[in-house]
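Pulled from Swiss-Prot:
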- 76-89, 281-293: NAD(+) binding site (BINDING)
- Arg96, Arg106, Arg134, Asp223: substrate binding site (BINDING)
- Tyr141: site 'Important for catalysis' (SITE)
- Lys191: site 'Important for catalysis' (SITE)
- Asp223, Asp247, Asp251: Mg(2+) binding site (BINDING)
Amino acid sequence: MEKQILLLPGDGIGPEIIAETKRVLEEIARLYHHTFQFVEGRIGGDAIDATGSPLPEETLDLAKGSDAILLGAVGGPKWDGNAPEKRPEKGLLQIRKALGLYANLRPVRVLKPLMGASTLKEEVLADVDLLIVRELTGGLYFGEPRERRQINGEDGAVDTLLYTRGEIERIVHQAFQFARTRKKRVVSVDKANVLESSRLWREIADEVAREYPDVTLSHMLVDNAAMQLIRDPRQFDVIVTENLFGDILSDEASMITGSLGLLPSASMNTSKVGLFEPVHGSAPDIAGTGAANPLATILSAAMMLQYSFGLADEAKAIEVAVDRVLAQGVRTKDIAKASENAVSTTAITNAVMEALALKSASSR
């Protein structure tokens with residue numbers, strides 16, 4: 001298989017974790033006889049410093065010509081005083097919009113060696129493996145009008161929660177398609193007891209469900225879903241929800257694992273082109289120290305192999321390699337206990353690559 005992958009290192013620790021993930025992908029290409037062509041572009045604060053724009057046209061052209069995009073991180077205090085249009089995060093919003101990346105995927109899988117890092121009890125965490133599918137381009141964050149105005153003689157503000165049938169149908173279809181490759185259960189999260197947009201969402205989810213008789217659909221109000229994620233996260237397989245609810249629930253679910261340094265994510269469109277990135281931020285305080293944890297980015301690359309390229313075996317090989325490394329007690333500083341010796345960004349990547357090579361040798 002031949003694929004072009006756009007690397008967007010971005011800011012802070014981004015260049016370090018992207019460089020290490022590229023090494024893992026090169027090893028996958030060698031072991032499984034693929035050809036990955038890597039191109040690199042600027043985004044975020046790095047792009048602002050170099051070009052004045054958080055998303056230069058050159059980067060957007062590279063994105064449109066690539067099969068998938070791997071992003072490091074954007075942002076940092078250096079650019080906090082910039083105007084909104086000149087903030088690093090604007091580049092990420094712009095590339096999502098330009099590529100029509102409407103589906104955000106946030107897998108939450110609790111790894112046995114790191115159960116102690118979570119604030120939840122181990123019996124609650126055992127076998128947690130869920131996927132949150134969040135609608136990314138509609139809803140309250142994008143609806144118009146959005147404005148300040150005078151209301152009955154005092155300051156007021158208006159935001160608009162707007163969804164169309166097409167926006168709801170396509171994200172719900174995505175959720176059902178992902179569920180078919182998992183445990184075949186979808187929970188649609190809404191606020192249908194209060195919001196008209198949620199009542200439409202629920203009606204359309206029921207209609208879409210009839211096209212997937214092999215998948216079970218249930219509905220849950222968002223306040224109950226927030227509680228159930230903590231009470232019993234094992235009950236969930238695929239959660240699908242609108243933008244605001246998904247933003248909140250995915251951050252809540254991320255803490256089930258106990259470490260942001262292990263959480264990958266993806267933003268995808270209908271054609272399976274995706275932008276893959278770690279959930280964590282740019283961590284400028286440790287940039288250049290060799291202490292960054294690359295595992296979330298490496299696992300994001302595994303998502304890319306599975307969801308954009310259809311390479312399920314290769315994706316699984318990376319996940320198994322990461323699991324093996326953690327089971328061996330190899331840790332970067334962010335996930336190491338006080339009594340454990342932390343290793344560098346490069347060292348933990350080397351361990352992942354060694355685990356990949358061992359798995360490949362054993363399967364011959």
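In case you wondered, yes, glycine gets a Cβ from its N, Cα and C as well.
Cα separation, Lys191 (site 'Important for catalysis') to Ala283 (NAD(+) binding site), rounded: 35 Å.
Of Arg96, Arg106, Tyr141, Asp247, Asp251, all annotated as recorded positions, the residue with the shortest Cα distance to Pro88 (NAD(+) binding site) is Arg96. Among the recorded positions listed (Arg96, Tyr141, Asp247, Asp251), Asp251 has its Cα nearest to the Cα of Ala283 (NAD(+) binding site). When the CA atoms are compared, the binding-site residues lying within 10 A of Arg134 (substrate binding site) are Asp247, out of the candidates Gly76, Pro84, Asp247, Ala287. Neighbour density for Asp80 (NAD(+) binding site): within 10 A of its CB lie 9 other CB atoms from the protein chains shown. Considering only the binding-site residues Gly76, Pro84, Pro88, the Cβ with the fewest other Cβ atoms within 10 Å is that of Pro84. With respect to their backbone Cα atoms, Asp251 (Mg(2+) binding site) and Ala287 (NAD(+) binding site) stand 24 Å from each other.
Sorted by the number of other CB atoms within 10 A, the recorded positions Arg96, Arg106, Arg134, Lys191 start with Arg96, the lowest. Excluding Asp223, Asp247, Asp251, which define the Mg(2+) site, the same chain contributes Val222, Ala226, Leu244, Phe245, Gly246, Ile248, Leu249, Ser250, Glu252 within 8 Å (Cβ to the Cβ centroid), listed in sequence order. Secondary structure at Arg134 (substrate binding site), as computed by DSSP, is strand. Of all the binding-site residues listed here (Arg106, Asp223, Asp247), Arg106 has the Cα closest to the Cα of Ala291 (NAD(+) binding site). Of the binding-site residues Asp247, Asp251, Asp247 has the largest number of other Cβ atoms within 10 Å of its own Cβ. A distance of 17 Å separates the Cα atom of Pro84 (NAD(+) binding site) from that of Arg96 (substrate binding site).
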